[in-house]
Amino acid sequence: MSKRKLGHDGNSHELDEEEEEEEEDDDDELIHSTQDQDRPHKQQRVENGKQMTPTKQHQQQQQQQPISNGRLKKLKAQSSDEESGSSEDDDEDVEDVDSSGSDSGSSDDDDDDDDDDDDDDGNSEDEREAVRREQQLKSGVTEPEAGIIESITLENFMCHRHFKLDFCSNVNFIAGENGSGKSAVLIALIVCLGAKAGFTNRGSKLSDLVKAETNTAVITVKLRNQGQEAFKPEKYGKSVIIERRISRTGSSGYKVKDYNGKTVSDKFNDVSLILEQFNIQIDNPMSILTQDTSRQFLNSAGPQDKYKSFLMATQLDKMTKDYTTIREHIDKIKDMLSQKVVVIQELEKKVREYNKEYKDLQQMVGLERKISEFKNQLAWSFVVESEREAKRKEKQVAEAEERSFDNDIRKVDETIETYNKSIEDIKKDIKEFTDQIKIQEQKKETNNREILTIEREEAKIQTQIEANNKKRQQRKQRRHLQLQSINEIKERNAQLANNQSKLDEIKKKGQQKLQLEARKEELIKEKEDLMRDRENLKRDHQNQRTITQQMNREYEGLRVQLNNLRSTQKGENQAYGKGMTDFLHKIEASRRNFSKLPIGPIGLSLKIKNESWAFAIESAISKATLRNFLVFSIPDGITLQKLGHQFGIKVDYTKIPETTEVYKTVEHDELDPSLATVLRVLDSPSHFIINFLIDTKKVEQIGLGNDRKEIDSVLYTDRCPRGLSQFFDPQGNNYSKTKSGNPFYQAAKNSGEATMLRVNSDAAIQRTQRDMESKLPALNQQKKIEQELSSDVQAIEHKISQNDQDQNQCSRKILQITNEIKSIEDTLVQQTDDYSELEIGLASLDEEIKSMDEEINIQKAQRTEVAAQKGPFAENNRALDDQIDVLSNQLGNIENNLRKFNEGLRKLNNNKQALLQQQGRSAQERDQFKAEYQRILEIVKEKTDKATQICERIEIPTNETNTTLTNKIIQYTKQLEKESRGKRSRTEALKLFQDANNSLKEISEQRDNIEELATILERNLNERYKKWQRFRLSISRRSDQYFNIFLSKKGYTGSLTFDHQNGKLDINVELQKALPSNQNGTAKGDTKGLSGGERSFSTVSLLLAFWENMECPFRAMDEFDVFMDEVNRSISINLLMSKAEENRSKQYIFVTPLALNHIKTSEYVKVFRVRAPVRTGGDVTVETD
């Protein structure tokens, strides 16, 4: 396997595996970096002709990596290898290009000394390069590099609605009139590959590049992915497609697709890896020279800016930064060595002091020996005492085994058996009496059935009697009515003369009734209109009343807030409760009662860097948390609550761990520095409070935004950093996401000023007073509007009530007239027939009534006869009831006896259960005694083992006990302490001496290792920096040579004067045309004095010189010929074409406003002619040659 190498001719060469391994070892020696295992990270530096730029991650690893002895040995070995082969490296690492001129800008002595040595190598290198290119041309076209642009597509970007170009692999010209949008192609290219809006000089933000009247712009760039430098070809195929979408709202996103258009990733990190693999330098202005850069480069750029462009184009600036970082790290190592020297001096002093102290303590042995004897006796005295306790427990076990409850349980079982037999006999008697009672009840049931049959017959007869009585009554009623009708007919016949006057009265009253009904209909319609008006007024009144209540609540809230602020102004502590000041004084006075002084209330120790966030932070943290106290132990918290109770303050506290500093959160490493969070806005002198808020409230994950628009642009887009969970605005409103990722908004419960977190109470009071004064007129006006609507509602309610009264009056009059008409109609006399038939029917009814009376008397006699049949059966039932009562009484007595026996049996069972429990407890007690006996035996064994470890068993004097021996040990120990007071023990002194001596050896070894490592690093860095200087000199000379060669195509001469020490680059161009024969050149050297065409041609020549040292697979330049005449343009184009033809593996893109009709197209040359788009929309027309 081989890798590409940057040669001095700007082209890629192959490195074999052996060279690659040597360079990787050198990388480890210099920066101790480890390559990321997840992606193919290309390191670029100046080492054996290869470029390597360590990333920030490598620098951080270098600073944090500990220095081990193994690494030190490796560095020593590498250093010795480098020293032995340094002469060879100096000859092989840098191959300079032969320069006919001198580097007039180089003021570095080292550079001047190496000029002669490098010239010879440069000549051979040019010859080899010329031969290589000639062989390529003869053998065929070189394969295009991976990373060249195959096509680019623009949708709704700048002036283009839809625009696509398919590039060839070598030379591409994009021609078009001014305003045709040809420059937008290069802008789209750099934007799609990751550039920011400011880099394009076409707007302050990316959304400015979205086409007018559209919402989203899409740029798609297709890159070649073939060859040795292909990026994961098995995954992406022969092309990689990068798509970037830009929204009008300012958001943007990436998609990385394979050859078939399938999305593989949507992360910018993958885009960066692809650009790094292809060596595409999108931030290098020399790689893609835009219109503005092209016009201003030679005009306005100063020597320093031009030198920076040179470094950026050749990537030397990245290596400069890397060497600077390593130099800073070496300086830090030297600072560390200085600190180690101070520590070693202190440790040497302590070692001497501890050694002297130990030698002074070699005495006082007699008392210690006596104390040791007493301690031995004390150890065995505990054994003797435990052995006595074991004997007592052994006796208790024997006594417990002698106790037994078996005889008592057997007697109770015998009595229970006797009771069970008696209960069985009683149950038999109960069954016998129960059977007799059932027989008597069956007989009674038979009698009852007979009685029921008789009663049914009796009821049937009674029903017939009642039916006949009903018919008789009906006949009598008909007779009465018929008789009444006869009399009425006779009376009406006498009144027929009065009918006409009554009919006239009925007609008159009918007209009055019609008039009243019409009036009632009018009143009903009027009421419906009034009801609608009333509903509308009520709705308006309710709305205005709601508004009034809301405004009143806001005004009262401001009043309460003003009172709170005034209370806060009187005393900052009063905002946390009455008596808080005295309570805090009491805590300070009682600090001895605490293991460590409590902290709180938390809010008193918090300061806000910007007062505008006070209410938002108070809402996010909560007032309850601000009132909280922090303690370091539970007893401290209990003591704190007791003190608070004395002042009527309920104390809430939280136990916190001991820490030494604020948590090292990842927030400051990941979040945008311009993004405000609660943690960044807060400040406190106590790191315990900050850590507590991080643990309980996650203040590092709560963002702050000025308004909803600003918060939405961060929280609900891809810009939202991972871990940022919610936002608050200055009004205390909360913005967050649900579990499914949907937006969630929660308005603040109370709005206004913060009362606990304050910076300026006077300003807050004045603001609150101004708010109250501004709201009061509107509140009074709103109350007036509500009162007017209330009066209107009452007025219309009165109209509705009056309408109801009018309707009721009409209804009463209509009813009265209706009744009067009915009464008159009832008095009208109708002509009737003869009533003789009615008199005949009356006689017939009299006969029917008489016949029914006779039938009813017969049925009553039958009923009396049937009722007499029930007597014998009822008498028999009474006798059966007497027998059942006697049997029931006897059965009750037997059942009472059964209950008594059952109760006795229950008591016996309880007694037996109690005996069984006592027996169980006795067995449990016996087992407990045995277990205790075994436990004491184990204690005896354990104490014996411990005592044996101290000494062999010794006899304890009979007059000695644990107490007496302990007292003697204390007495002798006090005497020993008295004699050795103010001195350490020999053991402690020896340990201190040994620890200090070991620390001294360890730190001395560390100092030697670090000092040796710093020497190796500094020597290696100096050697590499010298190589880099020679490499820089080689590149600058080659750039100067190529610049002069390219200028000579038009008969110009020029030079690039480098001042590496001061970072300056001066460009000189001298014209040699149209000169008198007696002159050798013009004095025109400053590029600002050149004409537009001359300056453009010089720019092309300089850029081509820089391009010779670039590895980017494609180059682009906008309006390179804008100020040239036809001659300059022809020479410039021929120069560009010839350079492109020499290097078919690279791709060139040139943008020009001219037609380029003379350009001959081929497989390797393509011309795109862009017509101006219609600004209101439409596709761009492209003609391709």
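Glycine too: its Cβ is placed from the backbone N, Cα and C atoms.
Among the features that Swiss-Prot reports, ATP binding site is placed at Gly176, Glu177, Asn178, Gly179, Ser180, Gly181, Lys182, Ser183, with the record citing sequence analysis. DSSP classifies Gly181 (ATP binding site) as coil under the three-state reduction.
Here Swiss-Prot flags 337-570 (among others) as coiled coil.
Annotation source Swiss-Prot lists coiled coil at 808-1024 (among others), citing sequence analysis.
Annotation source Swiss-Prot lists compositional bias 'Acidic residues' at 15-29 (among others).
According to Swiss-Prot, the feature compositional bias 'Basic and acidic residues' maps to 35-48.
Positions annotated as compositional bias 'Acidic residues' by Swiss-Prot: 80-98 (among others).
Swiss-Prot lists 106-128 (among others) with the feature compositional bias 'Acidic residues'.
What Swiss-Prot records for 1-144 is region 'Disordered'.
Confidence in the region 'Flexible hinge' (571-807), given as mean pLDDT, stands at 82. Residues or ranges marked as region 'Flexible hinge' by Swiss-Prot: 571-807.
Residues within less than 8 Å, Cβ to Cβ, of Lys182 (ATP binding site) and separated from it by at least 6 positions along the same chain comprise Ile174, Ala175, Gly176, Val1151, Pro1153, Val1170. Fewest Cβ neighbours within 10 Å among the binding-site residues Asn178, Ser180, Ser183: this applies to Asn178.
The Cβ of Glu177 (ATP binding site) has 14 neighbouring Cβ atoms from other residues within 10 Å, across all protein chains displayed. Listed in sequence order, the residues Pro1153, Val1170, Ala1172 complete the 8 Å Cβ shell around the ATP site centroid, once Gly176, Glu177, Asn178, Gly179, Ser180, Gly181, Lys182, Ser183 themselves are left out.
Each of the binding-site residues Gly176, Gly179, Gly181 was scored by the other Cβ atoms within 10 Å of its Cβ; the lowest score goes to Gly179.
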